[in-house]
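Enquirer: TrEMBL feature annotations, pasted as is:
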- 15-27: compositional bias 'Polar residues' (COMPBIAS)
- 37-57: compositional bias 'Polar residues' (COMPBIAS)
- 1-61: region 'Disordered' (REGION)
- 83-103: transmembrane segment (TRANSMEM)
- 115-139: transmembrane segment (TRANSMEM)
- 160-182: transmembrane segment (TRANSMEM)
- 209-230: transmembrane segment (TRANSMEM)
Amino acid sequence: MSKWMSSDSEHQNPEEQSASGTVTDEPSSSEDEGGHQMSNQLTTSTPGESQPSTSGVGETAGRAFDSARDRLSGQAAKQQTKYVVGLFALVGAGFGITGYLIIDLLASANTPGGQFLSAIFSLALLAIVLLIGPVIAVYSSVRAADGLYDEPRTAYLTSFVSNFAGYLVMVLIAVLFIGAAMSSGGGGTGTTTQQTTQIASNTVNLDNLLLPMIALSIPVGLVGLGSTYLHRNQRPAADSGGSVHT
């Protein structure tokens, strides 16, 4: 009996081993097939993923431009822009007209150094006009911060654009008046006077000042943006309910 039982167990063990072998072999083959399928999906999907990323850059830039244009086209943003640009234009006209009168008086005076003084004054006046932009930007941006308090992004964008454009307008108006005064003042007699007058005439020239004007407008716009940010964050909590101060 023991021999028969041992022989039966010997016959049964190979079958169990073969059955267990087939069970363990089938998942491995399925795992291999799944691995091949996943690798094929990765290789086929990789080229298609790079195309939307390159085309999405232009779409993102277009949406950003459209959003900025929509913000600036609002009624409140237009009013703030007109105010800031008008303020810069008024200051530029004031400097320009005053400078024109003073330069003309100095140039027409019957004094040996009249032309020299007018040239020096025109250079000093131009320096003041170029440097006063950030001061006006700080003042004008307070209105933008109050008038557009409920729309912070619109307030920042309006402050930068309006101060950038306003500074250009101010310098342009002042340079036109100062240049007209310098051209009508005459030449002068001394060598030093002629050289100084020539330097002033070359400096007060739109062709020579165009690129510097654009470059200087960028920090003026940033000063206006920063002033708007500081004023918004320093307002009392009682005034943060969207009230408009004009």
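The chain as shown is numbered from 1 upward.
Note: Cβ is positioned from N, Cα and C throughout, glycine not excepted.
In terms of burial and nearby residues, how do these features look in this structure?
Expert: Panel annotation: around the transmembrane segment (83-103), residues 118, 121-122, 125, 128-129, 132-133, 136, 139-141, 143-144, 159, 162-163, 165-167, 169-178, 180-182, 185, 224 of the same chain, lying at least six beyond its termini, place a Cβ under 8 Å from a Cβ of the stretch.
The list of residues near the transmembrane segment (160-182) in space but at least 6 beyond its ends in sequence, with Cβ under 8 angstroms from a Cβ of it, reads 72, 80-81, 83-89, 91-93, 95-97, 99-100, 103-104, 107, 118-119, 122, 125-126, 129-130, 133, 136-137, 140-141, 144, 197, 200-201, 204-206, 209, 213-214, 216-218, 220-225.
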Enquirer: So if I exclude everything within five residues of the ends of the transmembrane segment (209-230), which remaining residues of that chain have a CB under 8 angstroms from its CBs? That is, six or more out.
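Expert: Residues 84, 130, 133-134, 137-138, 140-142, 144-145, 155-156, 159-165, 167-168, 171-172, 175, 203.
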